[in-house]
Every structure is written in C-alpha cells, then in structure tokens.
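Participant: Dropping a structure here in structure tokens format, bear with me for questions.
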Amino acid sequence: TRPPSTPEGIALAYGSLLLMALLPIFFGALRSVRCARGKNASDMPETITSRDAARFPIIASCTLLGLYLFFKIFSQEYINLLLSMYFFVLGILALSHTISPFMNKFFPASFPNRQFQLLFTQGSGENKEEIVNYEFDTKDLVCLGLSSIVGVWYLLRKHWIANNLFGLAFSLNGVELLHLNNVSTGCILLGGLFIYDVFWVFGTNVMVTVAKSFEAPIKLVFPQDLLEKGLEADNFAMLGLGDIVIPGIFIALLLRFDISLKKNTHTYFYTSFAAYIFGLGLTIFIMHIFKHAQPALLYLVPACIGFPVLVALAKGEVTEMFSYESSAEILPHTPRLTHFPTVSGSPASLADSMQQKLAGSRRRRQQNPSAM
C-alpha cells in the first residue's frame, strides 16, 4: 500500500492541474481568433454544428464502451502498445504545431527558411482530388525535430512530464481548431456531455477503469507525492482532456463573440474563464472531501453556461449572444461579393412594382408598334 500523501503534496498536485488546465484554454482561445482570421488553408478550423453536437455524446459513449470491452477481452499490454504508437505520431504533430509560434521568435533573421508543400492526390485529370495539402517551412521542421525528442522520451519512459506536454498540446490544438458555430450549439454539446459524464462516472465504473488502464496522453497528471519522491513519484491526481477542451471551445466562442461586439471589452470571455476556475475548483474540493472520482462536467457545465448567460441578462444582450454565428463572420480569407442588388419592401409591394413595370412596358409597345 502507498503511504498517504501529505496535505502539501495534495495541494501542489491539485493546484498544478488547475494551472495546466487554464493555460491551453486561455492561449487556445486567443489563437482561435487568429485561426479564424488566418489565410493558411492547413490551419482552417473545424466547425461543430448543432447536429454534430447532438451526436457527439452518443459517439463518445460508444467509443468509451468499446475501449472498456477491449481492455476486458484483450491483453492490456498490446492495446496500449498500439495506442502508444498512434499517439506518438499525433503528439509530435500537435506539439510541433503548438510550439511553432513561440519558436519563430528565436530564429535569427538570417536563418535560411525554405518553403515546402506536402501534397497527396487521388485520381487523375478532372477527377483528381486532394487528400493532403500541407504547407510548411524549415522552421516547422526544426519544431518537428524538437517535438520528436519529447515523443521518443514518452514512448520509452512513459514519463508523466512527457505525457503532460503531449496532453497540453492536444488541449491547446483542440481549443484553437475546433469552433462552435453558435452559442446554442455550445449549450447542446455541453448539455449532452454533462449527462454523458455523470452517467459513466456515477452510473458505472467504465470511465474510471478506462482512464486508469489507458496509457496514452488523454489526461493531465501530477504526482501527489512529488515532494517525497521527486520526479519519480507515482501517486497521481488526474484530469481528463475532455474536461479542458469541451468547456474551452465554448469559452473561445465567447471570446470571438466579445470581439464581434466591437466594444473593446472581453466581458464574456473573462466571465466564462472565471466560471471555469470556479467549476474546476469546486470539482477538486468535492473530490477531496468524498475521496471519489467526480465528473468534472457536472460542475463545469452549469458554471460555464450559467455565468455568461446571467451577465447577458444583466446587460440586455441575450438576443445578441444567441443570434451570433461564428461561422458566418466575414473573415479576410472568405470570398465575398463586392456588388449586391438592392431589394427592399414586402413581397406584396415587390409584386405590385413588377406588375406596374410590365403594364408600362405593354403601353410603350402599343404606342410604338414599329418597335415590334
């Protein structure tokens, strides 16, 4: 049996998890704005519609149950080996994309930077279809090399620091590149996953079993016995990436809504960000008191939706909030018309106008028969 963790070790672990959860949400939300305004096709965001949001909890439940059955039927060692290789590749790419903007500041102006393009097509002639079209440069290759070092470290040692570096990269990329199209879609997604999280944590042991058996960077971990054992500590507190990314993409949506209001304030972003801190802090407190795993979305969803809606009610901007369409923004890379026909009036007035024009045309023809 493990010796009980000290209060200092527990406080350090929970505080570190809270800080690690906030970093990808804050910076991912800022990068989501630049991503929406960018011109690089390889960095275009993936928009989540209301239909996607409604289906997501069902797909997630099937995936979770499938993993649980796999761990029960097949050898856990071989499953984790396959998953480790899969997340090794994804982790390197995600970490490279994450650190690229920071690393670009350290390259000297004289650095020989060459442009490359990775293009895979299917078919030929008019039937040719692009499968992969990715543009990168020499700086990106340097970032990829640095990320590969972390990947090899994770693959060989499964060290918790390497796990967290990949987990933070996955979280930041998720918040940056997954965009909700409107607030209603966000409420559908968070509401569905609220039920999903509560059911699979309180109703069964499926989620806890998969989280403990799944040796992949799908969670952030921090040792509660770090002060006693140092970097080789092994008594971990954990937080799933879904508890970061799902509220994070909703918070990022509210930041883009703040910007669309053009009031030079980020009221809804800061409100939802504070709500996330409150919800996650409450989750940690309840988990510590009852000594049982808690579905974080049980506390995060009401906070992240409720706080901004209350602010909107107080400011009289509920209609603007729920009518905002992120995917309908006119962005620099969006093709747009420069001349629009002017049409105004009711359908009845438009019909009367058309009849008057036709009658006028007939009279002119009767007055000037030679024009026929």
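Cβ coordinates come from backbone N, Cα and C, glycine included.
Checked TrEMBL, it gives:
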type     : residues : note
TRANSMEM : 12-33    : transmembrane segment
TRANSMEM : 53-71    : transmembrane segment
TRANSMEM : 78-99    : transmembrane segment
TRANSMEM : 177-202  : transmembrane segment
TRANSMEM : 236-255  : transmembrane segment
TRANSMEM : 267-290  : transmembrane segment
TRANSMEM : 296-314  : transmembrane segment
Participant: What parts of the chain pack near the transmembrane segment (177-202), using Cβ distances under 8 Å and only residues at least 6 beyond its ends?
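Facilitator: Beyond its ends, the transmembrane segment (177-202) has Cβ neighbours at 32, 35-36, 43, 45-50, 52-54, 56-57, 60-61, 64, 208, 242, 245-247, 249-250, 252-254, 257, 293-298, 301, 304-305, 321-327.
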Participant: Are there at least 3 C-beta pairs under 8 angstroms linking the transmembrane segment (78-99) and the transmembrane segment (267-290), leaving out pairs fewer than 6 apart in sequence?
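Facilitator: Counting Cβ pairs under 8 Å (6 or more apart in sequence), the transmembrane segment (267-290) does not reach the transmembrane segment (78-99), since there are fewer than 3.
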Participant: Do the transmembrane segment (236-255) and the transmembrane segment (12-33) come close, with at least three CB pairs under 8 A (pairs 6 or more apart in sequence)?
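Facilitator: Answer yes: the transmembrane segment (236-255) meets the transmembrane segment (12-33) with 3 or more Cβ pairs below 8 Å.
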Participant: Grab the same-chain neighbours of the transmembrane segment (78-99) for me: Cβ-Cβ under 8 Å, and only residues 6 or more beyond its ends, written as numbers and ranges.
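Facilitator: Sequence-remote neighbours of the transmembrane segment (78-99) are 70-71, 140, 143-144, 146-148, 150-151, 154-155, 158, 165-166, 168-170, 172-173, 213-218.
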